[in-house]
Amino acid sequence: MRLSEDCYTLTPTLPPLHRGGENSRVLTTMYLLIDAGNSRIKWLYGNAVPGIVEAASYKEDWRTKLWRAWHLLPEPRRIAISCVNNASIETEVAAIVDDLWGKPLQTFIAQKETNHTLTVAYSEAHTLGADRYLAMLGARGLTHEPLCVVGCGTAITLDVVERDGQHIGGLILPGIRLAENALLQNTQKLRPMRWTPNLLGTDTASCIGAGIHHAIPAGINSIMDELETTTGHYYHRFAFGGDAQILFGNRPDYRIEPDLMFRGMIDRLATD
């Protein structure tokens with residue numbers, strides 16, 4: 001399918017909006033949970049994970065895709081979004097939600113303490129990205145042992161949580177494509193990377209691919225190994241996001257959890 005180049009202008013084929021689909025009068029116990037990332041928007045209709053997660057790229061007509069998928073759903077009990085993209089995305093999603101069901105769109109914002117489960121290290125908790133906050137909540141629902149969560153999206157994020165739920169901090173570094181773009185934009189005569197299963201590349205493209213592929217996990221592992229040496233205890237390691245499988249899929253000490261944020265959303269809504 002050819003994707004539209006314009007991700008901000010409504011197409012004239014957008015169906016007229018009406019409140020609810022055929023089953024809209026039935027108020028279910030289901031949630032409509034929305035993750036608006038940097039490159040695409042994902043949603044889960046349900047009250048547990050794993051579930052069926054759908055997605056739309058911002059490069060396609062994502063508004064029409066959302067409307068066509070959502071107008072068939074029974075009215076959700078609650079609708080909530082995590083948005084790390086610009087505010088206009090959230091505003092447009094809220095408009096669709098209002099037209100379909102006349103309900104408010106709840107926005108997830110990190111808070112200092114969440115139901116004695118997680119305490120955020122930031123002095124201004126609301127400045128912590130909602131994606132990182134929700135992923136930590138989701139991981140805490142899977143284990144109450146010390147843990148770290150690695151987000152593998154446009155940026156790579158690491159957050160570490162102790163057994164008592166205290167978030168001790170994290171880090172942010174460029175993701176795969178940001179790292180590649182930095183090389184291509186600032187170095188002449190380089191070609192786009194090519195992934196290789198080998199430790200070392202045999203041409204420039206595969207050398208770039210090998211460097212990025214191995215450097216990111218190696219950096220995260222180095223930090224976690226040093227932390228384990230310092231604290232004397234093991235940290236369960238979780239990874240999520242679009243590039244989690246590429247970076248950590250062949251590393252047995254990492255648990256890939258694609259729905260980690262949605263787990264956190266459900267846990268957060270349960271405490272409200």
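Note that Cβ sites are derived from N, Cα and C of the backbone, with glycine treated the same way.
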Candidate from T119, T127, T143, T154 that TrEMBL assigns to the same ATP site as D35, A36, G37, N38, S39, R40, I41, K42: T154
Cα within 10 Å of G37 (ATP binding site) - qualifying binding-site residues among G129, R132, T204: none
Entry from the recorded positions list D35, D131 having the most other CB atoms no farther than 10 A: D131
Nearest recorded site to D131 (active site, proton acceptor) by CA-CA distance, among binding-site residues D35, I41, T154: D35
Separation of alpha carbons, R132 (substrate binding site) and D35 (ATP binding site) (Å): 12
Longest CA-CA distance among D35, A36, G37, N38, S39, R40, I41, K42, T154, per record bound to ATP, angstrom: 15
